[in-house]
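Feature annotations, reproduced from TrEMBL:
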BINDING   GLY10, ILE11, GLY12, LYS13, SER14, THR15, LYS39, ASN180, ARG181, PRO204, PRO205, LEU206  ATP binding site
BINDING   SER14  Mg(2+) binding site
BINDING   CYS95, CYS129  [4Fe-4S] cluster binding site
Amino acid sequence: MKIAVYGKGGIGKSTLSCHLSIAFAKRGKRVLQIGCDPKHDSTFPLTGFLIPTIIDTLQAKDYHYEDVWPEDIIYQGYGGVDCVEAGGPPAGAGCGGYVVGETVKLLKELNAFYEYDVIIFDVLGDVVCGGFAAPLNYADYCLIATDNGFDALFAANRIVASVREKARTHPLRLAGLVANRTAERDLINEYVKNCPIPVLETFPPLEQMRVSRVEGTTLYEKAEEDFSCFEFVESYLNLADQFLVYPEGVVPNELNDRELFQTLSSHYLGNEADESSNTLDFMMV
């Protein structure tokens, strides 16, 4: 099973990906997490350090794939989760999608890509150009992280459009949304009422999560000493279990920009139609 995790930049995708990876490993699955971000810090909470990237390793070997060994690029993290960081091109040059493609190509060359029960692609920010939509070419499911704000839902809606487009030619489905770092869901509920998508789990803000990310650890480790983390750990296991039954998923139809503005602004303004219309017309100029 291959899962691509998307969402607005800063929404907590890497933290979500790491804890979901551990949850799958706790269920007895062999898991690989692939960080698809030039920051190459997706797997930091799992390993405790910034592991070398695929691109850096290939450059050091003059792109001689035959000189690269699995131990050069695959590092084991907490819970037995294997970790790879794709890296990225220099700022302002190259294409991130090319880097993802080279990563998959190299893993296949090493006969590693098909050795895992679960592969999680943790994808950079809300960039859904052709390049950074590349992980959707390999995924069975897309999982979108969002919060209860307009910007995150706008990004989610664009990702929904990418899933719909990729599903034309790939066996890809949208598994659903995760409400991340939010205790409220009113805007999310309004969005999925108009664009039917499952909401798989809700994770309210937790200070220990932020601290663990900085420390290069996970809530699974903290839960051994701090019972307040236990509920979150159980929620990640629940999320993994929802995938392990191979959900049908959906091929959604995104809202167009005007519909999205209208839906969310109407909710903000208490369905005052005239005021919403005026605000919408101003925002769309």
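Every residue, even glycine, has its Cβ placed from backbone N, Cα and C.
In this structure the alpha carbons, written CA, of GLY10 (ATP binding site) and CYS95 ([4Fe-4S] cluster binding site) are 21 Å apart.
Pairwise Cα distances among GLY10, ILE11, GLY12, LYS13, SER14, THR15, LYS39, ASN180, ARG181, PRO204, PRO205, LEU206, the recorded ATP-binding residues, top out at 25 Å.
Most Cβ neighbours within 10 Å among the binding-site residues GLY10, GLY12, PRO205: this distinction goes to GLY12. If you take the Cα of CYS95 ([4Fe-4S] cluster binding site) and the Cα of LYS39 (ATP binding site), they are about 14 angstrom apart, rounded to a whole number. Of all the binding-site residues listed (LYS39, ARG181), LYS39 has the fewest other CB atoms within 10 A of its CB. The Cβ of SER14 (ATP binding site) lies under 8 Å from the Cβ of GLY35, ASP37, ASP41, SER42, THR43, PHE44, PRO45, ASP122, ARG213, each on the same chain and at least six residues away in sequence. Every protein chain shown contributes to the tally, and the Cβ of CYS95 ([4Fe-4S] cluster binding site) ends up with 15 other Cβ atoms within 10 Å.
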